[in-house]
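Features of the protein shown, as given by TrEMBL:
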| type | residues | note |
| --- | --- | --- |
| DOMAIN | 62-490 | domain 'Major facilitator superfamily (MFS) profile' |
| TRANSMEM | 56-81 | transmembrane segment |
| TRANSMEM | 101-120 | transmembrane segment |
| TRANSMEM | 132-153 | transmembrane segment |
| TRANSMEM | 159-176 | transmembrane segment |
| TRANSMEM | 188-207 | transmembrane segment |
| TRANSMEM | 213-233 | transmembrane segment |
| TRANSMEM | 296-316 | transmembrane segment |
| TRANSMEM | 322-349 | transmembrane segment |
| TRANSMEM | 361-383 | transmembrane segment |
| TRANSMEM | 398-422 | transmembrane segment |
| TRANSMEM | 434-455 | transmembrane segment |
| TRANSMEM | 467-486 | transmembrane segment |
Amino acid sequence: MVQMDPVLVTMKSVPNDFYTDCASETNTNGRMANLGVSQTELVAPRGDSGRKLPQYIAALAATLGALAAGTMLGWSSPVVFKITQPNNTDYNFDISETEGSWIGSVINLGAAAICFPIGLVMDAIGRKKTMLFLILPFTLGWLLITFGTSVGMLIGGRLITGIAGGAFCVTAPAYTSEIAQDSIRGTLGSYFQLMITVGILFAYAVGSYTSVFLFNILCTLIPIVFGIVFFFMPESPKFLVVKNRNDEAREALIKLRGTNYDVDYELDSLKLSAEEAQNNPVSFGSAITKKTSIKAIIICYALMIFQQLSGINAVIFNTSSIFAAAGATIPAAIATIIIGVIQVIATFVSSLVVDKLGRRILLLFSALVMCLCSTALGVFFFLQSTHGENSDIVQSLFWLPLLSLSLFIIAFSLGFGPIPWMMAGDLCNIDIKAFVASTAGTLNWLLSFTVTSTFLALNTAIGSGQVFWMFAGIMLIGFVFIFFVIPETKGKSLQEIQVMLGATPQDRNVEDKK
C-alpha cells in the first residue's frame, strides 16, 4: 500500500533561490525601485489576509486526481482475489496467482518510472496543463483493464494507470503547495493524502460488492470528472511569473486570494524573486551541493524510506488474521473497509491540526506510536507461533492485536502518511525542488514495490513476530532522526526555513557578489 506532498521546477542550469530573502540582500534597492516598491514596503510584514475558500476549492479540485490514484491503489485488494479464482467469470480467461500478483504490483513500477520526467514536463507546460493531460493515460489504462482480453492487457492497463497515478503524486502536491498561503500550506498539502485514502476506501467498499466490470467503469469516470472540475481552476501564479506571464499571474492571484487582497504586493514579490533568480544563475551541480540543499535532500529521502519501511504494508496484509485473532467473525472485506474508514478519519484530523501542531510533533508522535504498536504485534505473533493460537497466554491477549492495529493506522495517517510528501515543498529552494521531489517519489514507489513483493517471503523466512520487531526498530531509528534532524516548518516562509537548514545572510551576500 503506497501512502502518499512538492513543488517542481527546472533541472538544467537553473536560477539561484527563486524565493529570495529580500531583507538580506545588499544590492536590491535598485531592482525594487524598478518594480515601484520600496525595500521597507517589501520586507514589512503584511499579515496573512486574503480569502482562503478559493484556495481550498482549487486544492480539492487538484486532489481529485489523488482520488483517482487512490482507487488505482485500492483496486487490487477486492479485485485480484476475485479474478484469480478458478470459477472467475469477470474475465473470459484464466489468471494465476502469480499473474494476479503482477497485476496488483506493477503500478509501482509505472509510478516509479514517471516521477522524474514529470518534473520536466511540469516546468515546460505548467502544473495545470500537465494534470489535465494525465486524464488521457488514466482513462486509457482503465479502458484496457475494463475491456481486457488477456493478462497482458490487464498488466499493460495497470502499468499505464500506475504511470498516471505516480505523476499525480508529484503534480497535485506541487500545485497545492504553490497556490497556498503559508498559514494553510500544510492543510492544503494534507488534502492529497486525504483524497488518496478516500480513493482507497472507495475501492475497498465498492469493489467488494459490485462486479469487476461495473467497478472498473466507475474508476474510469473519476479522472474524467477531475478534468471537468479542474479545467476551471487557475494555473500556479509562481509558474506563470517564472514564465514571465505576469498578467495571467495577477488574474490567478485574484481568483485565489480575492479582490480585497493586496495582489500587487505578492505579485511584485514574486517578480522580484524571479528577477533575482535570473540575475544570479548557478549550475544545478552548485545548487544541489549547497549545505542547505544536502540537508533538505537527506530529510526528504529519509522520510520516504521510513514511511515505506514503517510496516504499514505488513499491518495491512495481516488485517484479516489480526481481526480473527481478536475473535471477530467479520469477513475480510468488512475488515478492510473498517481499516479504510480509520485511515480517512485520521488523515482528515491530520489536515485540521498539521498547521496548528506542526509537522515535527506529528511525525514524532506517529513514529513513537507505530514503534510501540509494531512491538506489541510482534509479541502477539511470536507467542502465537511458539505457544499455539489456542494457548492460554495467546487467548488472554486477544484484544492486543486489534488495539495495536487500530492505533498503528491512526498514527500512520496522522503523521507518516501525509507529511513526507509535503517536505520537499517546505524545505527545498526552487532550483532543486524538481529533482528532490521527483527522485523522492521514485524512491518511495520502488520501496513500495520491494516491500510488497518481498514481505511474504520475509514473513516465511524469519516469522511474523520478528518482522514486526524489525519494523519497530526502524521506527525507533526514525524517531531519533526526526528529533535531532528535522526542523519545524509550520507557518514559516521558505527564507526562514533555509536559515533553519543552515543558510546565513552572509552566504546570500557572498552569492550576490559572485
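The chain as shown is numbered from 1 upward.
Quick reminder: no glycine exception, Cβ is built from N, Cα and C everywhere.
Stretch with the largest number of CB pairs closer than 8 A to the transmembrane segment (361-383), among 132-153, 213-233, 296-316, 322-349: 296-316.
The average per-residue pLDDT of the prediction over the domain 'Major facilitator superfamily (MFS) profile' (62-490) is 90, rounded to a whole number. Remark: the transmembrane segment (322-349) makes no contact with the transmembrane segment (467-486), by the rule of 3 or more CB pairs under 8 A. Pairs of Cβ atoms less than 8 Å apart link the transmembrane segment (188-207) most often to 398-422, out of 101-120, 213-233, 398-422, 434-455, 467-486. Contact between the transmembrane segment (159-176) and the transmembrane segment (296-316) is absent: fewer than three CB pairs lie under 8 Å, with pairs separated by 6 or more positions in sequence. Contact count against the transmembrane segment (132-153) (Cβ pairs under 8 Å) is highest for 213-233, out of 101-120, 213-233, 296-316, 398-422, 467-486. Ranked by number of Cβ pairs under 8 Å to the transmembrane segment (398-422), the listed stretches 101-120, 213-233, 296-316, 467-486 are led by 296-316.
Listed by sequence, the residues of this chain that lie at least six past the ends of the transmembrane segment (101-120) yet keep a Cβ under 8 A from its Cβ atoms are 2, 8-11, 72-73, 76, 80, 83, 95, 130, 151, 154-155, 158-167, 169-171, 434-435, 437-439, 441-442, 445-446, 448-449, 452-453.
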